[in-house]
Every structure is written in C-alpha cells, then in structure tokens.
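These features come from TrEMBL:
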REGION    9-28  region 'Disordered'
REGION    183-214  region 'Disordered'
TRANSMEM  44-68  transmembrane segment
TRANSMEM  74-91  transmembrane segment
TRANSMEM  98-121  transmembrane segment
TRANSMEM  127-146  transmembrane segment
TRANSMEM  158-176  transmembrane segment
TRANSMEM  227-244  transmembrane segment
TRANSMEM  290-311  transmembrane segment
TRANSMEM  317-336  transmembrane segment
Amino acid sequence: MLSAAHDILSHKRTSGNQSHVDPGPTPIPHNSSSRFDCNSVSTAAVLLADILPTLVIKLLAPLGLHLLPYSPRVLVSGICAAGSFVLVAFSHSVGTSLCGVVFASISSGLGEVTFLSLTAFYPRAVISWWSSGTGGAGLLGALSYLGLTQAGLSPQQTLLSMLGIPALLLASYFLLLTSPEAQDPGGEEEAESAARQPLIRTEAPESKPGSSSSLSLRERWTVFKGLLWYIVPLVVVYFAEYFINQGLFELLFFWNTSLSHAQQYRWYQMLYQAGVFASRSSLRCCRIRFTWALALLQCLNLVFLLADVWFGFLPSIYLVFLIILYEGLLGGAAYVNTFHNIALETSDEHREFAMAATCISDTLGISLSGLLALPLHDFLCQLS
C-alpha cells in the first residue's frame, strides 16, 4: 500500500474504471508552480491511514488481546488483507482508497501482534526467521508492485493480483505451522503427533504456565518500564525513516532522468525494502547491542535528505538510491536486534507480553512521522 501511495493519491482513471498506467516521464506536474511536482495530498495521508489503526491495535493488545484465541485473530487478519486489495482496486475516490488502506492496517497490526506473541512459544532463533520474513514481505510487496506496473499492468490489476497472498497466509497458518507442543514433546510418538497438528487450538499457547494472561497489571507495567531502553531507540529509528519515506520521497523528484515521478517513488520504496530485508536477515552475521547508535545514524539520514529537499544539492538520483538503501539497512538492523535482545534478556514468563508490548515502537514512530510529514508537504509545496 505504501508503494502504491503515489498512485492512490494521483488517482488517475480512464474509461472502464481502469487505472491509468504511467507511460514515462510526466511532462506536466500536478502542481505546475512547484518544483516538487506535488500531489494535492501528501503520501503521508496514506501512511496515516496505514498506521493509525495498527497503533490502536498495538496500544490495546497488551491490555486484553491475549483473551482472544490466536486462530480468530489470524482469520480476521487474512480477511482484512484481501478486503483491502479489493477496495483499493475498485475505488472511485481517494477517500474510498484510504478506507481500503485502513483494512490493510488492521490486518498488519493484528497479524504482527499475534505472530510476535507466538514467538514466545518457539525457540529463540525464530526471532531471526520472523524478522527475515517480514523484511522479505516488504521487499516482495514493493518489488512486485514496481515490476508489474513497469511490465504494463495497471495499478488496479497489480493490486488484484495480490489476492493470493492472504490465502497463502491462512493456508500456512492452519495447515503448515505446527503446535508449540511439537517443540518440547514428552516422547517421540508425541512429537510426531504434535508436529502434524496445525496451531488452531487455543489450549497450547494460552495454557502455557507463565504466559502473559497470568500477569497482573502491576507486573505488566514493571516489565514495560524495563523495555523502554529498547522501545525508545526503535521509535526514533522508525520516526526518522518513515519521515523520509512518506514525507520526503515524493519531494526528492529529479527531472533529469528517464523515470517519471511515480516510477521514481516506486524505486525508492523498493530500494528501502531491499535494505530492510538484507539487514533483518543478518542476525547470524552481525548483532548490535546498543541500538541507540542506529537511531542516531537514522536521524543524520533524515537531516541530510531534508537539507537536499530544501537546497537541491544532490546532482543524481542514483546517489539518493544509495542513501535510501542505507536507510533501509539501518531500519532493518534496529528492528531485528531490538527483538533479539528482548528475547535474550526477558524471562520466559514475561517474553510473550514483552514481544507484544514492544510492537508499539515502530508503529508509534511511524505515526508521529506521518503527523509531521503532512504539514511539511503542504508548506514546501506552497513555498516552491
């Protein structure tokens, strides 16, 4: 949805309700008085629609989401994901498209909280696999959107082609993922039997001694305060990188290239996700204890690119490509190392709650960046 943000807001339509396929460089900008070729609405609007429902879910999750069994959560997540693709693909207005993005946000927020909580019932190494998978998902989404639109499909057709992904999510959960019982079986026969059982029963995770459902509010608050050492740097990292992604990407527009504005935006998103995927898959090679350093470096990225938007001193889009790839590397490293450190340093009885509570970090940072990116877009576009 974030890769499609520029197309959603341009909302170019042709007869037959088919989305317009960007033919190449845009000769006439949306705002001819602006050197930034601005949309009337910032892509930060899509970011807010994509993140605020997720923020609400993650804020409420530590308080009572554990009372809802895992299987219904995954089912709702899959249905919302499919609904978002259909709604955005067939929408006739930006408002309807943003409603579709909200459904995607519900799917993402509920899914992330659910699966990160589930990692508490599996070996610690699953954190690395989870992080690599989420990085791969971002890269696959951005790369497929870029590739299919470049190949000639309309944004509408590209979105509809993604409907197999929610089906794959549900199939992998209900048919492929094994119960936590299989991780620590009482015997060989029990292990073989448990390994064949999909994780659709609530008894396994919910009844595990020391799970988050047995923690009092006082215990939860004590654990949460201890997590702030990791939560705050992750909030800062995600604030800086999504301020760049949804506040500055559309303003980092180069006229001296064969790529149109929409194509430049898609390339930015794809390269960012490539960096995220690479660093989220790097835990076995490189582990970082002090994630504050990553937050500082990401803030320096933000300042540098904000200065370029204002002064326009970078001569080539390829330099921006390299910076965006580096930005993704920092963001992915902060994510995987934060959750890995928490998995190592929290006790078994607190781990499920700690994983669910720390989920709020990236979402809070992204939400704050979206709120600030909207007025920045309006200011710069009117000023130029």
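Cβ coordinates come from backbone N, Cα and C, glycine included.
Remember, predicted model here, so these are calculated numbers, not experimental data.
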### Query
Short question: which residues 6 or more past the ends of the transmembrane segment (227-244) have a Cβ under 8 Å from it?
47, 272, 291-292, 294-295, 298-299, 301-302, 305, 324, 327-328, 330-331, 334-335, 338, 341-342, 354, 357-358, 360-366, 368-370, 372-373
### Message
Are there residues at least six beyond either end of the transmembrane segment (158-176) with Cβ under 8 Å to its Cβ atoms? List them, or say none.
### Response
4, 71, 74-75, 77-79, 81-82, 85-86, 88-89, 107, 111, 141, 144-145, 148-149, 198-200
### Summary
If one takes Cβ-Cβ under 8 Å and requires six or more residues beyond its ends, the residues near the transmembrane segment (74-91) are 1, 4, 8, 17, 97, 99-104, 106-108, 110-111, 114, 155-157, 159-160, 162-163, 165-167, 169-170, 173-174
